[in-house]
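S.K.: The Mg(2+) binding site annotation in TrEMBL covers A:Glu71, A:Asp92, A:Ile94, A:Asp95, A:Asp221.
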Amino acid sequence: MSELDLEEMYAVAISVAREAGQIIRDAFDKEKEVDTKQSAADLVTESDQAVEKMVNSRILGKFPNHRFIGEETTAVSGEKHQLTDEPTWIIDPIDGTTNFVNSIQEVSFSLGIMVNKKAVIGVVYAPIKDEMFTARLGKGAYLNGKKLKASKITDLKQAVIITEGGSSRDIKVVEDKVKNIHTLITHTRGIRSYGSAAINLCHVAAGRGQGYIEYGIHIWDFIAGALIASEAGAVVLDPTGCDLDPLRRRILCACSAEVAKGLSQILTHLDMGSD
Amino acid sequence: MVITSSNSQLTEQELEDMFNTALQVAKEAGNVIRDAFYKEKKVDTKMSAADLVTETDQAIEKMVESMIVKKYPTHRFIGEESTKDHEKHKLTDDPTWIIDPIDGTTNFVNHIPEVCFSLGIMVNKKTVIGVVYAPIKEELFTARLGKGSFLNGRKLQASKITDLKKAVILFEGGASRDAKILEDKMANTHSLYTHARGMRSYGSGALSICNVAAGRGQGFFEYGLHIWDFTAGGLIATEAGAVVLDPSGGELNPLHRRVLCACTQEVAHSLSQLLVHIDMGWD
């Protein structure tokens, strides 16, 4: 891929994000028809599907040889994904669908592009708050054009950590997650929960919080946000401390290696399968 | 401060003046918060390692108290930072200005934007004016008793959801690190994950209640907060159609350090029945 190719892909990504944002914004205050997927807390709406369809056709129209992984197409096909070296556009049409349905503002469109199995472009657009987070590999991360820098905190006791309940209602999973929340409250300055993985990663990138941990999310939830966070100086790993596996459905993001290590050591690590 | 006779009667004009003063005070407090937000902060702790206070909290409270006392020398004042450890408050009929100079001090220290100034005014032990100003997010929530509540001038309406299974509930970890209290709070967290659509946590009680008022979430509860955290937000929520109660389902007692706010009676009732109710003492 030449620099020109990447620049062109980046421009299309931004344009597609703005268009998706408009659809989300228009639908946000209206009544929504809601279906469920894996559990009563795993929601999907016609807006999720409309956004994904629009994005899919925009991308294939411009880059017919590229690959596409989308949350809603995957939900229908039930397929397992394999990453190849080809340029792959990975999208979550609405991250934070529960927020979307319940009129909570932390809703975002997430688009990450991988080449040679590495994320090279990341765009997360939160249209209700009009916050456009972007990153290109090696070129820094930005929020509405302002360069982002993660916190410099190294002491877990001074850190505020973001975590989510997630959509699983499996008894053992919920038990472990509540245990982790308890552990986090006793070892850190506090926990926060916003309802969108992509936005959570962007918050760590922006220094609004010092860590984010979640088990059970999908590649499309975090691929863009993870690049934005690492380009802002944060670390992004598997919760155990190993390298992040993009298909392993879990992530730890921290403002510093020390906070990351502190978190890895105290948490119960859940296996949520693979994408 | 001179205490006036009980059962205060205030005219509409007087209430309007007090409301305008409250807005002015909130604006000034907001400016101080905004200026200090991105700077390094000197942090002290109060009741636990998670109960923070900064010089900004103290500066704002001092400034606000002097502004109010100057205009209304006969009114009473209850502020978070001027309340001494273990000092108990008593509510009288006198106009009483109740302020939290920075609600969400942990957020303030850690550069998280959910930070606000909260000012509630009670007369005859009822909240008549509520102002919550979040200067980093530029959101001004206001309410006057019987006149509705507003966000940046837009009228607020709480959600109409009645089924807890469709509700997203806001909660806080809180500042206590007592083992038994945390155990009960985790039991509540677990109950909500299994009975509600989801949970959110923002780090400011006042803003969480305002979020329920604005329809951004359908319920909020907390054990262990203080009168200054929820007096203003409580009025903003009820004026938007939400219910504000003691978590057990009884009437709210402003000094009992706990609150349940829900978009509807039905959601409130479901929450009351589900939660373990924690006694956190009194203000």
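A Cβ is built for glycine as well, from the same backbone N, Cα and C atoms used for every other residue.
No curator has checked TrEMBL annotations; they are predicted automatically.
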S.K.: Once the chains shown are all counted, how many other Cβ atoms turn up within 10 Å of the Cβ of A:Asp221 (Mg(2+) binding site)?
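M.R.: Cβ-Cβ neighbours of A:Asp221 (Mg(2+) binding site) within 10 Å number 28.
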S.K.: Count the Cβ atoms, other than its own, that fall within 10 Å of the Cβ of A:Glu71 (Mg(2+) binding site), considering every protein chain shown.
M.R.: 24
S.K.: In sequence order, what residues of the same chain, 6+ apart, have a Cβ less than 8 Å from the Cβ of A:Asp92 (Mg(2+) binding site)?
M.R.: A:Gly70, A:Glu71, A:Ser108, A:Phe109, A:Ser110, A:Ala198, A:His218, A:Trp220, A:Asp221
S.K.: Which residues, same chain and not among A:Glu71, A:Asp92, A:Ile94, A:Asp95, A:Asp221, have a CB within 8 angstroms of the centroid of the CB atoms at the recorded Mg(2+) site?
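M.R.: Nearby residues not in the site list: A:Asp48, A:Ile91, A:Pro93, A:Gly96, A:Thr97, A:Ser108, A:Phe109, A:Ser110, A:Ser196, A:Ala197, A:Ala198, A:His218, A:Trp220.
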S.K.: Specify the count of other C-beta atoms within 10 Å of the C-beta of A:Ile94 (Mg(2+) binding site).
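M.R.: Cβ-Cβ neighbours of A:Ile94 (Mg(2+) binding site) within 10 Å number 31.
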S.K.: Can you give me the same-chain residues 6 or more apart in sequence from A:Asp95 (Mg(2+) binding site) with a CB-CB distance under 8 Å?
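M.R.: In sequence order, the residues whose Cβ lies under 8 Å from that of A:Asp95 (Mg(2+) binding site) (at least 6 apart) are A:Val107, A:Ser108, A:Phe109, A:Ser110, A:Val124, A:Ser196, A:Ala197, A:Ala198, A:Ile199, A:Trp220, A:Asp221.
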